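Colleague: According to TrEMBL, the record shows the following:
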type: BINDING; residues: LYS8, ASP9, MET10, LEU11, ARG12, ARG134, ILE135, GLY136, TYR137, GLY138, ALA139, GLY140, HIS141, TYR142; note: ATP binding site
type: BINDING; residues: GLU60; note: substrate binding site
Amino acid sequence: MTDRQNDKDMLRKAVLQERDALSAAVRLSKSRAIAGHGASALAESAASKNVSGFYPIRSEADVRLLLSLLEDAGARLSLPAVVDRQTIVFRRYRFGETLVPGGFGTFAPGEIAEVVDPDILLMPLSVFDYHGNRIGYGAGHYDRAIERLHMLGKKPLLVGVAFDLQGVPDVPAEPHDVPLDAIITESGVQWFSEPKSGV
Ligand SMILES: Nc1nc2c(c(=O)[nH]1)N(C=O)[C@@H](CNc1ccc(C(=O)N[C@@H](CCC(=O)O)C(=O)O)cc1)CN2
Ligand SMILES: Nc1ncnc2c1ncn2[C@@H]1O[C@H](COP(=O)(O)OP(=O)(O)OP(=O)(O)O)[C@@H](O)[C@H]1O
């Protein structure tokens with residue numbers, strides 16, 4: 001393991017420990033604030049777009065309320081499913097539909113759901129910094145999914161969803177890490193790129 005990977009691992013462990021210590025009630029109220037900020041920032045641009053979310057695991061921010069608001073605003077939702085150890089695909093999801101185990105402890109639409117390429121990715125993460133760098137859970141699933149979309153000529157809007165306590169001054173980024181366009185936390189939305197009108 002390189003020094004940089006080791007640094008990322010230590011940072012991930014420390015921040016996840018802090019996130020795990022939040023009570024369910026505190027996570028719920030922060031997740032409600034995230035939904036409000038996220039809907040204000042994205043509802044207009046999400047209409048008729050493919051928006052991928054995630055079904056929360058561990059102590060993640062619960063993005064389901066935001067997903068339901070975006071669906072009400074006309075977004076077509078999808079959720080990630082792990083199809084092999086290295087690969088996730090995004091499966092069409094209508095809010096409230098039954099999910100099945102989706103790999104790595106996640107839940108996802110079943111195999112018969114349509115596979116879509118999202119225009120907007122709401123991304124889970126363990127740590128972010130205020131330059132737009134992020135660390136996931138160390139599997140590289142999202143980094144590879146984004147690389148695949150880029151190879152298809154698609155440039156989805158990348159929006160991290162997290163609690164403020166997951167923010168640090170500097171994440172040790174690696175060359176394959178693709179920076180976020182924005183991050184949504186309970187205190188608001190921060191843009192790292194120009195807000196993209198067409199997305
Ligand atoms: N809610 C949610 N869905 C998701 C992801 C996610 O991060 N969150 N993914 C994001 O890619 C994909 C699934 N990949 C995952 C990869 C690893 C772990 C995980 O928990 N790994 C370690 C923990 C690592 C650590 O503590 O340092 C584990 O199994 O304990 C979870 C999901 C797709 N769906
Ligand atoms: N685009 C890619 N192509 C090939 N390998 C990759 C790519 N992105 C990441 N990897 C590999 O995946 C592993 C995990 O990467 P990294 O630590 O950046 O994951 P992460 O950012 O925590 O995960 P995620 O992107 O799922 O949130 C590393 O071994 C890395 O080399």
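Yeah, the Cβs are placed from backbone N, Cα and C, and that goes for glycine too.
Map the listed features onto the structure and describe their local environment.
Modeller: The number of other CB atoms found within 10 A of the CB of ARG12 (ATP binding site), across every protein chain shown, is 19. Under the DSSP three-state reduction, ARG12 (ATP binding site) is assigned to helix.
Counting every protein chain shown, the number of other Cβ atoms lying within 10 Å of the Cβ of GLU60 (substrate binding site) is 21.
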Colleague: Note down the number of other Cβ atoms within 10 Å of the Cβ of TYR137 (ATP binding site), including every protein chain shown.
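Modeller: Its Cβ has 17 other Cβ atoms within 10 Å.
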Colleague: Within 10 angstroms of the C-beta of ILE135 (ATP binding site), what count of other C-beta atoms is obtained when all protein chains are considered?
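Modeller: ILE135 (ATP binding site): 24 neighbouring Cβ atoms within 10 Å.
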Colleague: Taking only the binding-site residues LYS8, ILE135, HIS141, which one has a CA atom nearest to the CA atom of GLU60 (substrate binding site)?
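Modeller: Going through LYS8, ILE135, HIS141 one by one, the closest to GLU60 (substrate binding site) is ILE135.
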Colleague: Where among the binding-site residues MET10, ALA139 do you find the Cβ with the fewest other Cβ atoms within 10 Å?
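Modeller: Relative to the other binding-site residues in MET10, ALA139, MET10 has the fewest Cβ atoms within 10 Å.
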Colleague: Can you tell me which of these binding-site residues sit near ligand 2, meaning the Cβ is under 6 Å from at least one of its atoms: MET10, ARG12, GLU60, ILE135, ALA139?
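Modeller: So the answer is ILE135, ALA139.
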Colleague: Please list, in sequence order, those binding-site residues from MET10, ILE135, TYR137 with the Cβ less than 6 Å from ligand 1.
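Modeller: Result: TYR137.
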